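These notes concern the structure reproduced below.
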Amino acid sequence: MRINPTTSGPGVSTLEKKNLGRIAQIIGPVLDVAFPPGKMPNIYNALVVKGRDTVGQQINVTCEVQQLLGNNRVRAVAMSATDGLMRGMEVIDTGAPLSVPVGGATLGRIFNVLGEPVDNLGPVDTRTTSPIHRSAPAFIQLDTKLSIFETGIKVVDLLAPYRRGGKIGLFGGAGVGKTVLIMELINNIAKAHGGVSVFGGVGERTREGNDLYMEMKESGVINEQNIAESKVALVHGQMNEPPGARMRVGLTALTMAEYFRDVNEQDVLLFIDNIFRFVQAGSEVSALLGRMPSAVGYQPTLSTEMGSLQERITSTKEGSITSIQAVYVPADDLTDPAPATTFAHLDATTVLSRGLAAKGIYPAVDPLDSTSTMLQPRIVGEEHYETAQRVKQTSQRYKELQDIIAILGLDELSEEDRLTVARARKIERFLSQPFFVAEVFTGSPGKYVGLTETIRGFQLILSGELDGLPEQAFYLVGNIDEATAKAMNLEVESNLKK
């Protein structure tokens with residue numbers, strides 16, 4: 001059943017007309033609520049607790065029904081802190097799932113899981129709202145066009161190209177650059193693609209959310225003078241929020257993106273940082289609801305929860321949602337159930353490597369681990385495919401030779417292998433790139449490199465035309481012409497020192 005967005009008059013509150021219950025038990029963020037016989041709320045209905053605590057402070061807590069316990073009781077998970085709640089307090093059944101504002105009114109604003117603005121810029125037009133729980137589009141509505149989504153990041157466009165309307169995962173452990181890469185993608189896509197983006201901050205650092213907001217204002221993605229001209233809506237449920245909020249904030253962001261796709265018929269970008277926190281919050285809620293844990297302590301409903309979110313992120317005949325999701329990998333273990341379940345839904349995986357980050361190569365994208373279903377000659381063309389395969393072969397050969405080099409040194413290799421190693425080291429450095437969003441840290445201006453320029457650069461390295469250039473000339477540059485110019489500068493500098 002697909003529930004369409006509803007339109008209602010502004011400020012109409014129907015809470016007073018609904019069923020009333022009372023709090024029977026409070027266990028952290030979980031509430032048990034008793035209702036009169038025959039007046040039980042449905043699963044996923046929103047319940048509202050209003051009143052005052054012992055100090056007289058106003059309380060307004062929204063919960064979501066998760067279980068019907070019998071004996072006219074339901075168990076609900078709170079979307080905000082339950083401080084100050086007491087047994088016996090009145091609970092209102094709203095009679096419907098959580099609904100959030102959608103449409104143009106959301107652009108340039110920051111929302112919480114309930115769709116309430118948290119940026120102190122005044123109220124949002126809530127005449128058009130949509131429930132966060134909806135079924136995925138029917139099979140017949142889906143669209144299956146295959147086209148590449150250019151990002152301007154060399155390593156991504158060459159080795160693991162993104163699909164327009166596809167799902168992309170950024171995999172990496174702690175501190176290897178997932179959020180910076182997401183911020184660069186938002187920046188590049190807003191400039192080159194000009195579409196609408198929705199950013200879902202799921203259980204990540206509040207500081208990063210604030211940095212992102214400030215950078216969006218600086219780069220013009222959020223237009224402070226005319227908010228309606230902004231290109232992005234932000235939804236945040238950060239690390240300090242209760243698990244209920246972190247579990248549902250992804251659905252809030254997705255609901256806003258679906259409206260742009262289905263009603264406005266736009267191509268939308270949905271960024272989720274971090275999808276692992278969605279699973280983690282689901283695991284916390286599952287334990288609070290008393291379910292038996294499954295593998296590695298995760299919830300038994302892990303695949304179902306992930307599927308219900310991911311199946312809604314898709315392209316229909318009206319428009320597309322291209323989704324880029326950061327995936328934290330616990331202890332760098334890609335076989336952990338959370339990242340492993342996410343892998344199954346993705347069209348492209350960009351794996352970030354701690355080894356490359358340690359070498360100072362950013363973006364630290366692993367050229368051998370990263371994959372894409374789009375890297376086929378019939379989709380990207382023979383030239384792109386051949387270049388990508390040769391880059392991977394050269395990198396793979398270098399990886400195989402590293403043990404020999406570590407023990408015996410470069411001199412023990414054959415002439416051919418030494419040439420392969422020299423080219424692989426140039427390729428490794430040329431896969432790095434200065435980012436626009438990292439200008440403040442690095443001091444070097446960001447670079448957007450088109451796909452044709454990227455392919456030309458790697459072809460020149462592989463052909464041997466640039467064998468005479470020093471490998472440091474290829475580090476943190478844009479296209480290949482910058483590398484040759486940098487090599488000339490290095491030569492001039494070394495001559496001056498002599």
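Any Cβ shown, glycine's included, is placed from N, Cα and C.
Among the features that Swiss-Prot reports, ATP binding site is placed at Gly172, Gly173, Ala174, Gly175, Val176, Gly177, Lys178, Thr179, with the record citing sequence analysis.
Those residues of the chain, other than Gly172, Gly173, Ala174, Gly175, Val176, Gly177, Lys178, Thr179, with a C-beta within 8 angstroms of the mean position of the ATP site C-beta atoms are Tyr328, Leu352, Ala357. Around Lys178 (ATP binding site), a 10 Å sphere centred on its CB holds 26 further CB atoms from the protein chains shown. Local packing around the binding-site residues Ala174, Val176 was summarised as the count of other Cβ atoms within 10 Å of each Cβ; on this measure the leading residue is Val176. Put plainly, the binding-site residues Gly175, Gly177 were compared by Cβ crowding within 10 Å, and the winner is Gly177.
Within 10 Å of the Cβ of Gly172 (ATP binding site) there are 26 other Cβ atoms, across all protein chains. Cβ neighbour count for Thr179 (ATP binding site): 21 (other Cβ atoms within 10 Å of its Cβ, all protein chains included). A 10 Å cutoff on Cβ-Cβ distances gives Gly173 (ATP binding site) a total of 17 other Cβ atoms nearby, all chains included.
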